[in-house]
Structure formats: C-alpha cells, structure tokens
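**Student:** This structure is in structure tokens; I'll ask about it shortly.
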Amino acid sequence: VYITNALSDFFFKYETPRQVLVRNRRVGVVCRLIQLGVLAYIIGWVFIYEKGYQSTDTAVSSVFTKMKGVGYTNVDGEERVWDMVDYVFPEQGDSSFVVMTNYIITKGQKMGKCPELTEPRYLCNSDSDCERGIIERTGHGHMTGKCVGNTTKTCEVVAWCPVEDDHTIPDPALLMSAENYTLFIKNSVTFPAYGVKRSNLVEGIDNQYIKSCVYDPTTSPLCPIFRLGDLVQLSGFNFATIAKGGAIGIVIDWTCNLDYDQSECKPVYTFHGLYGNPNETDMARASVGYNFRYAKHYMEDKQEKRTLLKVFGIRFDIIVRSVARKFDIIPTLTAIGSGVGIFGVVSLAILHILSGISKHTESQVAYSIS
C-alpha cells in the first residue's frame, strides 16, 4: 500500500513553491536589481563577451619564410657581399631562424698544435704549468703538456689552429645593412572542426601587390613582406642595439568568427622583443646579446681546413595563435540552461530572504498588539 501511494503521489500530484507577496518598495527594488544583475551577467558576459552560443576550434598551421637582401662589408680592405645563403641560419625557410648582423671570422684553421691565447689562465713559465691531457672548459683544445712561445709563453694545445680570438667585437656591427633586408612569410591554417582553410595571402593579395607592398600596421596591415628594420622598431628595439644579438617574436593571430563569411577571417600581426634589453648600455655584463659559432669546411692541398665564424644575430620566432568560433546549438542550450539555473538559485535565495523578512514583520506586529 505504501509503495502504491508513493507511486500515485509521484505521478498524479504536483507541488509548487509557496509565493510570498511583500508590499515593500525597498525590498522590491533590491529584488529586481539582483535579478537584473543576473540577467545582465547571462546576456552580457556569457553570450556577448564569452560567445557562449558558439563552439570553438584551434588551427593546424604551417609557416614558410624567405629572406631577401644583400649585405656588403669592407674589413681591412677585403670587400665581400653577403646574400641570404650566407646570413640566414638555417637556410631552409623555417619558422625559427637567425639573421646574422655581426661576426668575428677566423680563416684558414687546420688541425694541429699551436699556442693558446695570451690570457692569464693560459700563461705559463714551464711545461709543469701545462698539465698534459687537460681540456679547459673555456679553452680551445687538448693540452700537450708543453709551454711554448718567445716573449709571452702559453700552453700548447691540439686544436683548430690558429685558435679563435673573439675579444674584440666589431662596433658598429658589420652588417648594419641587414635592417633593409625583407622577410616574406607564408602561413596557412586549417580549422579541422569546420573544414575551413585560410592563408595569410588573403583575397586581394596577388602577385602585383606583393611586388610592391611592405608591411605597415596602418596602410598595409595584410602585406606578408616585412622590412627587418621595421620589425625591430615595432618590437620596441633600435637596430644598432639588437644587432649585438637578440630575439624577436612575430605573432600571427587568427581570431575568426565563422558565422560571417570566411573572407572576414584574416591574420593580425604583432611583434614582441623576446630577448634583450632595448635600453642596455653596460656591455660588460655577462652574456650580453646572442651568438653562436658556425664553420665552413673545405680541402686545400689535400688538407682539411675551415673558416670559423662567430655569428651575432637576431633570432626570429614566428608564433601562430588561432581560435575560430561558430554557432552551435549544444553550447547555446548549455549556456541557456546554466543561466536559467543561476536565475532559479538567485530567485530561491531571494524567496528565503523575503520569507525571513515576512516572519520578522509578523513577530513585530504580534509583539506590538500584545
């Protein structure tokens, strides 16, 4: 019988919460203001700002780069022209690469025995000062155990000889002309959830336009060709400072609302200094700038030789950020459901508050009558 009554009550009876009518202007205004605030949150924040009626997807992207420009140097009467094969590392057109702006060159190195540099840590008076087999962490080779030299003696090493002397860094940078090089970026993105493919070569960018355009944030914000000097300036540096070495991030932002036509999905470029201090003046600080070494090997008179370059340059990192949004009934219903739930909870809380006020008012009236 108990089970039958419970089932009967469950299926054939319906309960509603008790409503309390309080004729109080102050309470009524507070109640409506709270409800209005909840409604503003649901409409303004959830739907308009957070786009709660849309689903999202991130892109799969690829980046190709191409440098153009020619540099010229004249060091000690030796003229040389540097093209993109000489000053870009690596040269395959990657999304992260270095453009050489300065260098220290050591030519004609070959494997053999030669004295170390005339620095205090390498100076010696006799062979006993040069322990055989020791390799200094900052040295250039393997010690032979001999102290060599005429006036200034240093330890002898097995190394690429003559050893590199990198104490004097050219200033100003030898390849200041690099600020006039240009960088061509090709970027394609695919939003797999929506089957949408886009390229930074958007509608209106054809071969004729590319031949003449250079990126400008105001007049040519979609041009995919960038002058290096402009990139440095837009990132907050000056070229003379960052030519000692640094890093710049090029961010390609694809934020697309696919409820509109796909042609409205266009990239936005921003530029950031990732390494280096644009106001740096103390060149004595530890590890100022950015550099690495690169060697070109060749054979001469049946002997292997190399030209060693200590390269100072600007590293460019191209970073793609993406988010695409499109109307979807599931997140829309979810957002509406959560909004109705919040509204119900707030309404229930207000009901409890008003019930408490009503009981308090009734007790005050009863006390005054007594």
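Each residue, glycine too, has its Cβ placed from N, Cα and C.
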**Student:** According to TrEMBL, the disulfide involving Cys147 connects it to which residue among Cys124, Cys161?
**Tutor:** Cys124
**Student:** Between Cys114, Cys130, which residue forms the disulfide that TrEMBL gives for Cys155?
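**Tutor:** Checking TrEMBL: disulfide partner of Cys155 resolves to Cys130.
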**Student:** Under 8 Å Cβ-Cβ from Cys124 (disulfide bond), six or more apart in the same chain: what's there?
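**Tutor:** Result: Cys130, Cys147, Lys153, Thr154, Cys155.
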**Student:** Rounded to the nearest Å, what's the C-alpha distance separating Cys213 (disulfide bond) and Lys66 (ATP binding site)? Just drop the number here, would you?
**Tutor:** 15
**Student:** What Cα-Cα separation, expressed in whole Å, is found between Asn180 (N-linked glycosylation site) and Lys68 (ATP binding site)?
**Tutor:** 9
**Student:** Compute all pairwise C-alpha distances among Lys66, Met67, Lys68, Thr182, Asn291, Phe292, Arg293, Lys310, the residues listed as binding ATP, and give the largest one in whole angstrom.
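**Tutor:** Farthest-apart Cα atoms in Lys66, Met67, Lys68, Thr182, Asn291, Phe292, Arg293, Lys310 are separated by 24 Å.
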